[in-house]
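Below: one structure, written as structure tokens.
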Amino acid sequence: MGSLTFWDVTIEFALEEWQCLDMAQQNLYRNVMLENYRNLVFLGIAVSKLDLITCLKQGKEPWNMKRHEMVTKPPVISSHFTQDFWPDQSIKDSFQEIILRTYARCGHKNLRLRKDCESVNEGKMHEEAYNKLNQCWTTTQGKIFQCNKYVKVFHKYSNSNRYKIRHTKKKTFKCMKCSKSFFMLSHLIQHKRIHTRENIYKCEERGKAFKWFSTLIKHKIIHTEDKPYKYKKCGKAFNISSMFTKCKIIHTGKKPCKCEECGKVFNNSSTLMKHKIIHTGKKPYKCEECGKAFKQSSHLTRHKAIHTGEKPYKCEECGKAFNHFSALRKHQIIHTGKKPYKCEECGKAFSQSSTLRKHEIIHTEEKPYKYEECGKAFSNLSALRKHEIIHTGQKPYKCEECGKAFKWSSKLTVHKVIHTAEKPCKCEECGKAFKRFSALRKHKIIHTGKQPYKCEECSKAFSNFSALRKHEIIHTGEKPYKCEECGKAFKWSSKLTVHKVIHMEEKPCKCEECGKAFKHFSALRKHKIIHTGKKPYKCEECGKAFNNSSTLMKHKIIHTGKKPYKCEECGKAFKQSSHLTRHKAIHTGEKPYKCEECGKAFNHFSALRKHQIIHTGKKPYKCEECGKAFSQSSTLRKHEIIHTGEKPYKCEECGKAFKWSSHLTRHKVIHTEEKPYKCEECGKAFNHFSALRKHKIIHTGKKPYKCEECGKAFSQSSTLRKHEIIHTGEKPYKCEECGKAFKWSSKLTVHKVIHTAEKPCKCEECGKAFKHFSALRKHKIIHTGKKPYKCEECGKAFNNSSTLRKHEIIHTGEKSYKCEECGKAFQWSSKLTLHKVIHMERNPANVKNVAKLLNISQPLENMR
């Protein structure tokens, strides 16, 4: 590597560029250049103090503003003019001779200029010689370029040629690695270091290496511990003048650069200039590929990478690739786990300064970006731009496959993957494939078992940062996203977007198979799986298969038994946060969603929607086994289990199995005998809150559910449904052993025990055994001698509520069970069953069936 010169760390401006700078920017340029110069001298590196340093020290401009032909220094052949700009050696030599001959007229015949300065002393000699030369320049500047030939030569090969290259918009220097083009060779050389990862400038103190010399200079100041820039007000000292300036602004509160348009103030003029573009609305930088325009050229350059799809910068840690090196650098901080940027207000730390800046706005509550249409204000410009799209309703990015349109190109890119069945990103651990590398990366964390992101509030750990962020909202309870239509608020904008569809009646996504329409494409995609019959997501624990991964994940929680979401009101715990949210509505008693048809109110909009189907009379979900139709798919799914007979949820205490996990949960309470839910009216306690709620209706005396057949009213809809079966006479639940049919599955379950001699439930008090735990529980009351169930009519007390209910019928005299054969009525269904035997006896063919029906072996004569 050749000897380092001052020009290696020099910032250059063309004449026209210098004229564009304001006073503050020119002063900043002077400070930076002089600081670089002082640093080089301090390090003992030979520096030739050329005219630029002389001008800057004297406070003069580095450009002669009177004559546009003038350049930073007289046209001396210095190291600054590289071979790139002198293609012909003879022209270079002759040009030097012309200049020297011209200066000889002033008496400086022996003036000699060296190409490079090899020491500091030579640099001083060169400076003295140059000062003399500069004197000649001022006296003869009107004569030097009299000859047009020499003016043309100068303009062709001078430093100003670099500026001309920029205006031609030609980028002649191309990187062979990533095809990026540059105006100047020096920029290409700097860029190449990114690919080579070459750190040629090494610190002798610690051995740390840097790509650029300017970064090394800044780094070396750390080792000197010299902090010459001290602010008297707070006593704080700094290595760099720019840090001192920032500190000063904090204390004084002065921001010298103010926008005349909106009054916003900035620390420096360059930021102000960028800001001013917002008000002009101009977007001069246009993409030739898609026509999208940008306010800054850097934004256009970034955008172009989208069309090429090229991501040359790859992370060695996780393999993720990026369009830009800056994005890779930001990403790499994640792997270090460092968060050097701390908020002084709340102490929260961040990995990037930009994220800290965004966060700090929260404490100031400043929202300078206001939308004129609706008056809504935002803390940052990007949020304002996103909001603007809501009002315009524009969706310029359209999917060619299904016609779905999007507001942002990124959303379209994500959507396109849906149409391709390709999953190129495969997990080496379990073989699972993904469409995107980001999804694979998230999945891989599962195998490591690591959960590095911990909640400070409840110590719950997460495998990714986004999951932690979502979780933290639970503790704050904040719901910033509000629906303008119904006022409902949400924690996340995505939930609000999904909710808004409810208010629209449009269902653009239609199933070609069955014609069913959906509001979201995602819902249609899930629906289509039903037609294929595929269930690719299988539970490793129990072998149960599912249509989608989300259902499988929910199912897996059953096996863990974890219930992390707890109600603060009653202590009840839930497996999912959504279930807790639903539960909370019970305590508030609020029912904002009302049915216009019948006036019934609901806690959730989904419950209202399900209810409204009842009024339409539609039952689109049909059972393929028995043809029975249902208004909801969930009810159909529950019904289908009847035919399969599957009971995957088993009680570890008594071995009883259930079709649904909710039933198992309810059952488990029996073994604990805990009854935390107490009625304030009568003191009766219950295992479940739902049982207490049902009980409370008794005290109100209300019976809103009426039977259309006989006019009998009930306090609960479930009781009405059970009652209606009496009139239909339907008995869908049949015993495979003896053929006996039942109206309810629970009755069939109880009946099945008859065929088995097994009695697993034994009384510890007297040794009596029972087939059902419920029978044992009833029996145990006998030993206590308690009779908590009392008849209000006659005062008679009973061990259990069912016996009390049977007794109460005596006082009412009601006989709801009627024989279709002879019209005779009975108070209990069991009596009606016995009575029916009389009619069946007349037909000898039915005798065997009657015996089976009643599960008896004795002659029927004995029963009359």
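From the backbone N, Cα and C atoms, a Cβ is placed for every residue, glycine too.
The domain 'KRAB' annotation in Swiss-Prot covers 4-75.
The zinc finger annotation in Swiss-Prot covers 201-223 (among others).
Per Swiss-Prot, the feature zinc finger maps to 229-251 (among others).
Cβ atoms under 8 Å from those of the zinc finger (313-335) belong to residues 194, 302, 305-306, 351-352, 437-438, 441 of the same chain, restricted to positions at least 6 beyond its ends. What Swiss-Prot lists as zinc finger is 313-335 (among others), and the listing cites sequence analysis.
Residues 278, 358, 361-362, 407 of the same chain, all 6+ positions outside the zinc finger (369-391), place their C-beta atoms under 8 angstroms from a C-beta of that stretch. Annotated zinc finger per Swiss-Prot: 369-391 (among others), in sequence order.
Annotation comment: Swiss-Prot describes 397-419 (among others) as zinc finger. DSSP places the residues of the zinc finger (397-419) in helix, strand and coil in these numbers: 11 helix, 4 strand, 8 coil.
Taken from Swiss-Prot, the feature zinc finger applies to 425-447 (among others). The list of residues near the zinc finger (425-447) in space but at least 6 beyond its ends in sequence, with Cβ under 8 angstroms from a Cβ of it, reads 318-321, 417, 463-464.
Note on the zinc finger (509-531): its mean pLDDT in the predicted model is 79. The zinc finger annotation in Swiss-Prot covers 509-531 (among others).
Annotated zinc finger per Swiss-Prot: 565-587 (among others), in sequence order. According to DSSP, the secondary structure content of the zinc finger (565-587) in residues is 11 helix, 4 strand, 8 coil.
What Swiss-Prot records for 649-671 (among others) is zinc finger, and it gives sequence analysis as the kind of evidence. Residue counts for the zinc finger (649-671) under DSSP, helix first, then strand, then coil, are 11 helix, 4 strand, 8 coil.
Secondary structure counts, DSSP: the zinc finger (677-699) has 11 helix, 4 strand, 8 coil. The annotation zinc finger is assigned in Swiss-Prot to 677-699 (among others) on the grounds of sequence analysis.
Swiss-Prot lists 705-727 (among others) with the feature zinc finger. Here the zinc finger (705-727) has Cβ contacts under 8 Å with residues 694, 697-698, 743-744, 816-817, 829 of the same chain, all six or more residues outside its ends.
Positions annotated as zinc finger by Swiss-Prot, on the basis of sequence analysis: 817-839 (among others).
Sequence-distant neighbours of the zinc finger (649-671) (same chain, 6+ residues past either end, Cβ-Cβ under 8 Å): 558, 638, 641, 687-688, 760-761, 773, 777.
Simply put, out of 397-419, 509-531, 677-699, 677-699 has the most Cβ pairs sitting under 8 Å from the zinc finger (565-587).
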